[in-house]
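If you look up TrEMBL, you'll see A:5-178 marked as domain 'NAD-dependent epimerase/dehydratase'. Here TrEMBL flags A:ASN86, A:SER111, A:TYR148, A:LYS152 as NAD(+) binding site. Taken from TrEMBL, the feature active site, proton acceptor applies to A:TYR148.
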Number of protein chains: 2
Amino acid sequence: MEQSVLLTGAGGRVGTAILDDLAEDYDWRLLDREPLTGEYAETHDSVVADIVDETAVREAIEGVDVVIHLAGDPRPEAPWDSVLRNNIDGTQTVLEAAVDADVEKVVFASSNHAVGAFETDERTPDLYRVHDEFRLDGTELPRPGNLYGVSKAAGETLGRYYHDEYGLSVCCVRIGNLTKDHPPVDYERGQAMWLSYRDCAHLFDRAIEADYGYEIVYGISDNDRKYYSLERAREVLGYEPRDNSAAHE
Amino acid sequence: MEQSVLLTGAGGRVGTAILDDLAEDYDWRLLDREPLTGEYAETHDSVVADIVDETAVREAIEGVDVVIHLAGDPRPEAPWDSVLRNNIDGTQTVLEAAVDADVEKVVFASSNHAVGAFETDERTPDLYRVHDEFRLDGTELPRPGNLYGVSKAAGETLGRYYHDEYGLSVCCVRIGNLTKDHPPVDYERGQAMWLSYRDCAHLFDRAIEADYGYEIVYGISDNDRKYYSLERAREVLGYEPRDNSAAHE
């Protein structure tokens, strides 16, 4: 039987990349703060709710096997009050409801901004170039480059807690720079952490299917310029990226 | 000239341990949600304010050199709404105000609960015993044992951000089990992470005086049973603990 998956923030860019490739593969329930438009709204079960509305979130989560939690304020420059509420409190609401509803897995959209402050003046721009061997692998302590990144790191720690305390499987994906069709042009940082739409869908597909306890993985294509390791994503999830920003330079 | 130090949560246990030994050593400003009682209230500048009252916090912080930030909900079993507000939002309020007031250093009272879930069934009770060689040294990712611990880990990440972004010196002290006079009796965990009052005061004294950028240190006495490393506290802060719970067994 198809697994049922709640997708929060379904109307955003990551949600779109996932649905473009996986719409037919799961029994989706789509949640967004705004009514969804387009084909997926017509063909799938959908819910309009704010992610901090505990009652609505609990109702939406009831009966699903997996939650992909993307909802939140996606702006790197978002102010504290917004990320505190939407990203930190919102993620706690989802995790708590997931445990209470006996969900198996939560896949959490974390961000490269959780570790953005590793990109110091001393390291850049070399960090974004092929010869540079510096790598982050997800075992390092977060160094957020903004308050949005702080909120994503907090979401990861919440995931760790809900895994340790309740046995929930949690995979945090530190999403890079997701763009359609081709990598950012004239932007080395974006090329280093490019995530193509199809690699994005494939990565979340693997996160739905694979067995794990608690994981932090980097969500990027196999870019020559990368400074994020893909080892955990490959080993634990079976991620096999097909794209590389170098092919577009 | 004496350094001026704002002590938030001054009326709590950690604040008391600090003031008992250091009342005469700094120009203190004491802040607490409740009016302070006892000798320190009479002899020191004090402010009654909630830690999430941004205006009051900004006023209290104006002109001080260092902030020791202890205020927050101290209960390991505190509910999410309380730690979200008092511990996470409260710490952001303090750090933001500290940057704006050109404070040099913030010393943040983190907690052993930020890493409490390392104490798994497989590791305990051996973890609390002298022969066991497992050590946490502050470079490991947090594994909170409760939502209070999640809030403390989030406070540490906020500190990392305000250090990286604004150059604020931040020291996070993962405080162990602080008790007066003698370590907990018949409680191996408490003996492993005991922090005596005088070692507590000395550690915060060193955190006021030493030079550092961003640090996470463990705040315990030099207990034979310890599984937290004291290396960073010794090396960076010059911490020289005088107590050991083994002397009381």
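For all residues, glycine too, the Cβ spot is worked out from N, Cα and C.
Automated prediction, rather than curation, is the source of TrEMBL annotations.
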Practice task
Pick out which of the binding-site residues A:ASN86, A:SER111, A:LYS152 has the most other Cβ atoms within 10 Å of its own Cβ.
Solution key: A:LYS152
Exercise for the section: Would you mind pulling the longest C-alpha to C-alpha span across A:ASN86, A:SER111, A:TYR148, A:LYS152, which the record has binding NAD(+), in angstrom? Expected result: 15
Exercise for the section: Give me the non-local Cβ neighbours of A:TYR148 (NAD(+) binding site): same chain, 6+ apart in sequence, Cβ-Cβ under 8 Å, ordered along the sequence. Expected result: A:ASP73, A:PRO74, A:ARG75, A:PRO76, A:GLU77, A:ALA78, A:VAL83, A:ASN87, A:SER111, A:HIS113
Problem - Remaining residues near the recorded NAD(+) site, that is with C-beta within 8 Å of the centroid of the site residues A:ASN86, A:SER111, A:TYR148, A:LYS152 - result: A:GLY72, A:ASP73, A:PRO74, A:PRO76, A:ALA78, A:VAL83, A:ASN87, A:SER110, A:HIS113, A:ALA114, A:GLY149, A:SER151, A:GLY155
